[in-house]
Every structure is written in structure tokens, then in C-alpha cells.
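S.K.: Submitted below is the structure of interest, expressed as C-alpha cells.
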Amino acid sequence: MSSVDLEKLKMTCGGRAMAVLTSGGDAQGMNAAVRAVTRMGIYVGAKVYLIYEGYQGLVDGGDNIKLAHWHSVTNIIQLGGTIIGSARCKAFTTREGRLAAAFNLVQKGITNLCVCGGDGSLTGANIFRTEWSSLLDELVQKGRITDTLSKQHNHLNIVGLVGSIDNDFCGTDMTIGADSALHRIMEIIDAIMTTAQRYLALVSALASGADWLFIPEAPPQEGWEDRMCARLETSRIKGSRLNIIIIAEGAIDRNGKPISSTYVKDLVVKRLNYDTRVTVLGHVQRGGTPSAFDRILSSKLGVEAVIALMEASPDTPACVIGLSGNHAVRLPLMECVEMTKLVQTAMNEKRFDEAVKLRGGSFENNWNIYKLLAFQKPSNFAVAILNVGAPAAGMNAAVRSAVRLALAHGHKVYGVHDGFQGLANGAVFEMEWHTVAGWTGQGSSLLGTKRTLPSKLLEKIAENITKFNISALLVIGGFEAYRGVLELFEARGHYDELCIPMCVIPATISNNVPGTDFSLGADTAVNAAMEGCDKIKQSASGTKRRVFVVETMGGYCGYLATSTGIAVGADAAYIFEDPINIHDLKTNVEHLAEKMKKDIQRGLVLRNEKCHEYYTTDFIHRLYSSEGKGIFDCRVNVLGHLQQGGAPSPFDRNYGTKLGVRAIQWISKKLTEHFRQGRVFANSPETASVLTLKRKVISFVPVTELKDQTDFEHRMPKVQWWYNLRTMLRMLAKYQTSFCDYVPGEIEHVTRRSISIDAGF
């Protein structure tokens with residue numbers, strides 16, 4: 001859709017009424033969705049109502065349906081649960097209940113409804129929409145509304161947002177709340193054994209390096225007790241002091257018999273005499289503050305939901321706003337629901353392999369990767385793994401999966417300390433299966449990393465490749481990793497030793513590696529910056545009218561500042577890619593001053609560390625302090641290296657694990673293709689590649705192809721996919737801005753083929 005269409009939409013929907021409700025179980029991120037729907041609705045000129053206590057509030061009406069204002073959703077983005085309540089409602093499952101709900105909506109003039117909940121809640125919304133005309137006819141017949149009023153509200157538009165910690169709704173890559181639930185699980189699983197939900201169990205197993213996993217969709221084969229105990233014994237022999245077994249809710253064996261945590265505990269104690277403890281997480285998975293991913297996801301989906309509602313006509317089918325790669329898409333609601341039901345049908349009929357496929361490409365790939373990392377074969381080729389650039393969370397997860405799959409493929413694996421400098425110095429050591437035990441949850445880089453580029457070390461690097469008989473390089477790091485492999489490729493004409501497969505896994509908090517949408521470590525960094533900003537805002541909870549200027553890292557790349565800005569509801573985020581001048585700064589100060597005169601008590605302005613040569617963090621702090629004098633005071637905070645530290649987020653653990661596997665699969669293929677006359681000789685461009693994720697497509701792009709896409713001076717891509725998110729950031733901060741950069745979601749049908757595509761994370 002063009003920007004002109006959206007501007008017309010903004011002009012024509014004034015006075016239209018819409019409402020938002022949350023239903024079913026709480027999911028972290030629901031508040032961010034409510035905030036986005038409310039503010040975007042008001043932004044385009046609609047009247048927005050908040051329905052409290054879910055469908056129960058819709059049935060009861062009265063004070064449960066309240067007109068919202070811009071400030072009704074201020075300072076809620078960081079809160080868990082849902083501020084408008086999420087009660088389950090038996091009455092709405094009856095026609096009488098839906099009749100009462102229809103009457104309450106008509107009384108308020110509401111014909112557009114956004115429902116955030118699970119498949120049951122969304123199915124109920126679709127039934128409500130289907131019955132709408134007959135419900136109004138019945139209200140007219142009973143004399144509760146006039147025929148004129150009925151004709152004025154003759155159709156109901158429905159848009160759904162999937163709020164579920166289980167991530168079990170077909171069609172969308174992620175549901176609101178799933179990432180936050182993984183954060184809660186990983187906070188505990190790093191130290192103790194646990195049980196979890198299905199999707200949560202699988203991703204947690206990958207993210208924690210669990211020894212054994214039970215999920216309903218893939219019951220273990222007969223004799224699993226013997227195999228599990230043998231696996232635990234083997235890990236202890238190799239030096240492990242702790243084993244983790246994850247049991248999903250609903251886990252069963254091949255005969256449909258439930259597998260309980262108590263049974264597994266008693267089995268381990270009886271067979272192995274290991275001290276074994278059980279922890280059931282339960283509702284702790286729903287608690288806590290939402291993650292950065294969920295806040296950004298909810299904001300994107302909420303904005304798109306409003307656009308979809310305002311565009312809808314009587315012929316538009318009910319849709320769900322889902323995530324496809326990094327884009328919001330519109331999915332036919334009932335296609336999603338029907339596909340979701342097929343999973344349970346397959347399980348009931350014991351067609352477990354099909355159930356795994358129906359759960360989607362990401363789920364199936366996660367399960368296959370978990371199984372891949374469980375077995376070891378004799379060695380063959382030698383693969384060297386090194387980290388290059390600044391440390392990034394998730395590096396160790398990628399190293400662990402790469403090491404174990406390389407061993408499983410029959411390769412010898414070398415670890416290299418301190419990047420290209422270590423490779424030149426011969427800081428090379430052999431890595432075994434047990435070497436990387438427990439690495440998944442470790443932050444920073446356990447191999448050690450440096451920014452040194454290889455151009456001045458080529459001779460020594462070539463010598464050590466020969467000395468250790470290295471057949472391939474896996475380089476995990478940021479912009480320097482990409483540039484370093486490019487230098488090695490360009491030196492192949494002088495050094496035959498460099499004619500070996502080389503793969504780069506992008507890993508940097510700056511997310512500035514060309515060719516890929518996401519780099520390892522960026523999600524952890526956004527969460528760290530978000531948590532810092534949350535605490536900064538909280539520190540002023542007892543202070544009126546205060547603005548914080550916060551500096552983020554990221555080099556010249558504004559991804560970290562922009563994403564954090566959306567996650568914390570910032571008033572502005574200054575970045576290098578979006579040049580600012582003194583007039584922009586003046587406008588921002590005046591905008592904040594106006595907000596401070598009303599209900600807003602705190603403001604937050606983010607500045608990327610290299611956004612402007614002269615408008616430094618100190619300058620902006622002084623400007624805001626001066627211009628805001630008498631209205632608000634100003635404080636400054638530099639987040640610094642806390643954005644690099646800490647344990648990796650569940651996203652980065654899982655993403656790193658999957659990238660490590662993909663990289664070794666590619667390397668193994670190249671080694672086979674280029675093995676001739678007793679040696680590996682690979683000198684074509686495609687044998688030196690970056691592992692990239694674009695939308696939902698994982699590719700290996702030659703470093704030579706990425707040169708034209710690279711701004712080498714500023715160490716980042718020339719075009720940034722996330723730049724369009726800045727329009728949403730401005731709109732949700734109440735800036736009058738053009739829709740020019742907003743790209744509305746496309747309609748995607750939900751089929752077996754569409755759900756089979758792995759999102760990559």
C-alpha cells in the first residue's frame with residue numbers, strides 16, 4: 001500500500017470507534033499491545049475504548065467499557081500481565097452473552113474490535129463477528145435498539161493479536177509473551193532442572209544445552225529409560241557435574257501414557273543414584289516484565305492491527321496480525337485456527353511426525369537440531385573456530401553447537417584464542433565434546449576475541465593453517481569478522497593455504513554486519529539497554545517532570561538506539577542514519593515541554609553514541625536543561641559496556657545454536673565438494689560467505705557480493721531494514737509525522753507449505 005492511501009485513511013477514519021480487549025491467560029507484552037493499539041487508534045483520529053476484564057467486561061458493559069485517552073496507556077509498556085484484565089467468560093460462549101456484548105458495543109458506537117488472546121479467544125471473536133447481523137436483528141425485535149441504529153452499525157470488523165506464552169498458534173513466527181516466558185525459564189534453568197510448556201521446553205532445551213527433553217509432539221521410542229540413563233552417565237564421565245532434563249506439560253510415551261517429572265526423578269535416583277530435584281515453574285512463566293522482543297513485537301502488531309481495522313470493509317474476513325520474519329503480516333483468522341487444531345488431531349491419532357511438521361518449520365528445525373547435537377563420530381577434516389571483534393552474547397552458544405555438530409560430522413575441531421591475532425600466533429587448541437559443556441548460557445566470548453584484522457598477519461596465518469592442517473574456518477564476530485574474511489579471500493591469489501571454506505556468523509551488539517537482518521548479541525544488548533532505561537525511569541517515580549538523556553552504544557549504527565527506544569516508549573532516539581539539526585532538537589524540547597504541562601511526568605531521549613559529531617550527549621543534556629528550565633529538569637546517563645555484558649537472552653542462545661549448526665552443515669558440504677587429490681582447495685567466491693538471515697530466508701552470501709552493500713567508513717550496511725520502525729516510534733510518541741516510511745502488512749495465507757518455513761530464530 002502506498003503512503004497516499006495511508007494518509008487518506010488518516011483523514012477518513014475520524015470519529016470511527018474501536019475497542020481493544022485482552023482475553024485468556026496473561027502474556028507479557030499485552031500491555032505494549034494495548035498501548036500501541038490505543039495510541040495508533042487515537043493517532044489516526046478514531047475513538048478508542050478499553051474493555052476491562054476481557055469478554056466478561058464486554059458482556060457486562062457499563063464501566064467496563066471506557067473511552068481511552070493518549071495518557072490512559074502512559075508508562076505501561078514495561079508492566080507484565082495486562083492492565084485492563086483478562087478474565088475468562090462462560091457467558092460469552094452463549095448466544096445470550098454475545099447478545100449482551102453486541103448491545104454494549106452498539107451503545108458506544110463501536111464496530112471495530114481488536115482482541116488479544118489465544119486461539120479460543122480469537123475463535124470466539126470470529127463467531128461474534130459472524131453472528132453480528134443476526135444479533136442486531138434480535139436486539140431490534142426485542143426493542144432494545146432502533147432499526148436506524150442497527151443499520152448504522154451493520155457490520156463488525158475483527159482483528160486478532162495472538163497473546164500466548166506457548167507460541168502454539170499456526171501462521172505467526174512468534175506470539176506475544178513467548179519470548180518473555182523464555183526469559184523467565186532461562187533465569188531459573190541456568191541453575192536448576194525445570195519443566196516447561198511445549199514450545200518453551202524445546203527452545204529452552206536448545207538454549208540451556210539440556211541433556212534430555214520430553215515434548216508431547218515427539219514421544220520417546222520404547223526403551224527410552226535405558227538410553228536416557230546411559231546419556232546421563234556418559235556426560236558425568238566426560239566431566240559434567242549437572243544434568244538438566246526438561247519435561248513439557250503433556251509429555252507422553254508412544255502408548256499415550258503420561259511422563260511425569262516424579263517418574264523421571266525416581267528413575268534417575270533408582271538407576272543412577274544421582275541427587276535429583278524437581279522444579280515446576282508453573283505461572284512464573286507468565287510473570288515479570290516483558291522482554292524487549294515482546295515489547296517491540298507487540299508495538300508492531302498493535303499498530304498494524306489498527307491499520308487493518310480502519311481499512312476493513314464488510315467483505316473483509318477476520319484476520320490475525322502475525323509475524324513473518326521481521327514483518328507484520330495479516331493472516332486469515334480461521335485458516336490459522338484450523339491449522340492449529342490439526343496439531344492436536346495428529347497427536348490424538350498418534351501421527352507424531354506429522355504433529356511436529358504441523359507445529360511449523362521453526363519447531364521442526366529446533367527439534368532436529370536438538371537431536372543432531374546428541375551424537376559423536378570419529379574425526380576427519382579439521383575446522384578452526386575463532387571469535388573476532390567485540391564480545392557479543394550468543395557467541396558461546398554458536399561455538400558450542402558448531403563444535404558438537406562438527407564432531408558429529410567426523411571433523412577435528414580447533415578453538416582459536418583471540419581471533420585472527422591468535423591464529424597468527426598459533427594460539428590453537430583441540431576442542432572435544434566436553435570442552436563446550438555449559439557454554440550456551442555464558443556471556444562474552446570464552447575463546448577470547450580481538451578486533452585485529454588479518455591483512456598484516458597473512459604469512460603467519462597461512463603457516464598455522466598448514467601446521468594444524470586446518471581445512472575450514474568458522475569466524476564468529478561483527479564487522480571485523482566480515483571484513484577479515486574478505487581480506488583473507490582477497491589474499492587467496494598469494495596464499496594457497498587460504499583456499500579453504502570460510503564462513504562468518506554475524507555476532508555484534510551493533511547489528512551492523514551487511515547482508516543480515518539480525519546479528520547474534522543484538523537482542524541481549526537491546527534487553528540490557530531496555531532494563532537500564534526501565535530502572536532509570538523508575539528512579540524518578542517520585543519526581544515530577546524529569547527528562548533523561550541516555551546514550552547507547554552501536555557505533556554509527558542506530559539499531560540499538562531505535563529498538564530500545566520502541567521497547568521503552570522513548571520520546572526520541574537520535575541516530576546517525578537519521579540526521580538531526582538544531583531545529584529538530586528545538587522541536588523535540590518543545591514537544592516534551594507541552595507533554596510535561598499535562599499528565600506526562602517523565603521523558604526519555606536516547607542518543608546513539610556517534611549520531612552527530614557536534615550534538616554530543618553532553619550538548620543535548622545542556623540544551624534540554626536550558627530550554628526546559630521551569631518546566632522540567634534533565635539528567636544524563638551513559639549505559640556503556642553493560643550493553644555487552646550478562647548472560648545471553650533466550651533468543652540469542654537459540655539463534656546462536658541454530659546458526660552454529662547451519663554453518664557446520666554448509667562447511668561440511670563445501671569440504672566434500674572441494675576435496676580433491678588428498679586436500680581441500682576452495683577458491684571460488686561462494687566458498688567465503690556470511691551466514692545471513694533476510695526475512696525468513698537463511699542464506700550464505702559471498703563476502704565479495706556484500707562489498708557494494710557496505711559503508712566501510714562507518715562500518716555498517718548502506719541500507720538498514722529496521723529504519724522504517726522509526727515512523728512507528730514517532731507516532732507512538734505523538735509526533736505528527738508522515739506515513740511515507742510505514743510499510744503496512746500483506747495478507748499471507750496459512751498453508752502447510754507456509755508454516756513449514758523456518759523463521760531462522
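Just so you know, the numbers here start at 1 and follow the chain as drawn.
Note that Cβ sites are derived from N, Cα and C of the backbone, with glycine treated the same way.
Take a look at what TrEMBL says about it:
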| type | residues | note |
| --- | --- | --- |
| ACT_SITE | Asp166 | active site, proton acceptor |
| BINDING | Gly25, Arg88, Cys89, Gly118, Asp119, Gly120, Ser121 | ATP binding site |
| BINDING | Asp119 | Mg(2+) binding site |
| BINDING | Ser164, Ile165, Asp166, Glu249, Arg277, His283, Val284, Gln285, Arg286 | substrate binding site |
| BINDING | Arg451, 508-512, Arg546, 553-555, Glu609, Arg635, 641-644, Arg715 | beta-D-fructose 2,6-bisphosphate binding site |
| REGION | 1-375 | region 'N-terminal catalytic PFK domain 1' |
| REGION | 382-761 | region 'C-terminal regulatory PFK domain 2' |
S.K.: Return the count of C-beta atoms lying within 10 angstroms of the C-beta of Ser164 (substrate binding site), excluding that atom itself.
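M.R.: If we count other Cβ atoms within 10 Å of Ser164 (substrate binding site), we arrive at 24.
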S.K.: Please report the Cα separation of Gly25 (ATP binding site) and Arg451 (beta-D-fructose 2,6-bisphosphate binding site) in Å, rounded to an integer.
M.R.: 47
S.K.: For the binding-site residues listed here (Gly25, Gly118, Gly120, Gly555), which one has the lowest count of neighbouring CB atoms within 10 Å of its own CB?
M.R.: Gly120
S.K.: In sequence order, which same-chain residues at least six apart have a C-beta under 8 angstroms from Arg546 (beta-D-fructose 2,6-bisphosphate binding site)?
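M.R.: Listed in sequence order, they are Ala540, Gln601, Arg602, Gly603, Phe632, Asp633, Cys634, Arg635.
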S.K.: If you skip the near sequence neighbours and keep only those at least six away, which residues in the chain come within under 8 angstroms of Ser121 (ATP binding site), Cβ to Cβ?
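M.R.: Set apart from Ser121 (ATP binding site) by at least 6 residues yet with Cβ under 8 Å, we have Ser23, Gly24, Gly54, Tyr55, Val115, Gly160.
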S.K.: Using a 10 Å cut-off on Cβ-Cβ distances across all protein chains shown, tell me which of the binding-site residues (Ser510, Gln644) has the largest neighbour count.
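M.R.: Sorting the candidates by Cβ neighbours within 10 Å, the top entry is Ser510.
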S.K.: Across all chains shown, how many C-beta atoms besides its own are within 10 angstroms of the C-beta of Arg88 (ATP binding site)?
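M.R.: Looking across every protein chain shown, the total is 16.
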S.K.: Arg277, Arg451, His641: which of these binding-site residues has the sparsest Cβ neighbourhood within 10 Å?
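M.R.: Arg277, out of the binding-site residues Arg277, Arg451, His641, has the fewest neighbouring Cβ atoms within 10 Å.
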S.K.: Around the ATP site recorded as Gly25, Arg88, Cys89, Gly118, Asp119, Gly120, Ser121, what other same-chain residues have a C-beta within 8 angstroms of the site's C-beta center?
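M.R.: After dropping the recorded site residues, what remains is Ser23, Gly24, Gly117, Gly124.
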S.K.: What's the number of neighbouring CB atoms sitting within 10 A of the CB on Cys89 (ATP binding site)?
M.R.: 20
S.K.: Give the distance between the Cα atoms of Cys89 (ATP binding site) and Gly555 (beta-D-fructose 2,6-bisphosphate binding site), rounded to the nearest whole Å.
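M.R.: Gly555 (beta-D-fructose 2,6-bisphosphate binding site) has its Cα 51 Å from the Cα of Cys89 (ATP binding site).
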S.K.: Given the binding-site residues Arg88, Gly120, Ser164, Arg277, find the one whose Cα is closest in space to the Cα of His641 (beta-D-fructose 2,6-bisphosphate binding site).
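M.R.: Closest by Cα: Ser164.
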S.K.: Please identify, among the binding-site residues Arg88, Gly118, Arg451, Ser510, Gln644, the one with the smallest Cα-Cα distance to Ser164 (substrate binding site).
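M.R.: Nearest listed residue in space: Gly118.
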S.K.: Among all protein chains shown, how many Cβ atoms are found within 10 Å of the Cβ of Asp166 (active site, proton acceptor), not counting that one?
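M.R.: That number is 22.
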S.K.: In sequence order, what residues of the same chain, 6+ apart, have a Cβ less than 8 Å from the Cβ of Asp119 (ATP binding site)?
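M.R.: Correct list: Val162, Ser164, Asp168, Phe169, Cys336, Val337, Thr340.
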S.K.: So how far apart do the ATP binders Gly25, Arg88, Cys89, Gly118, Asp119, Gly120, Ser121 get, largest Cα to Cα in Å?
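M.R.: For the residues that bind ATP, the greatest Cα distance is 15 Å.
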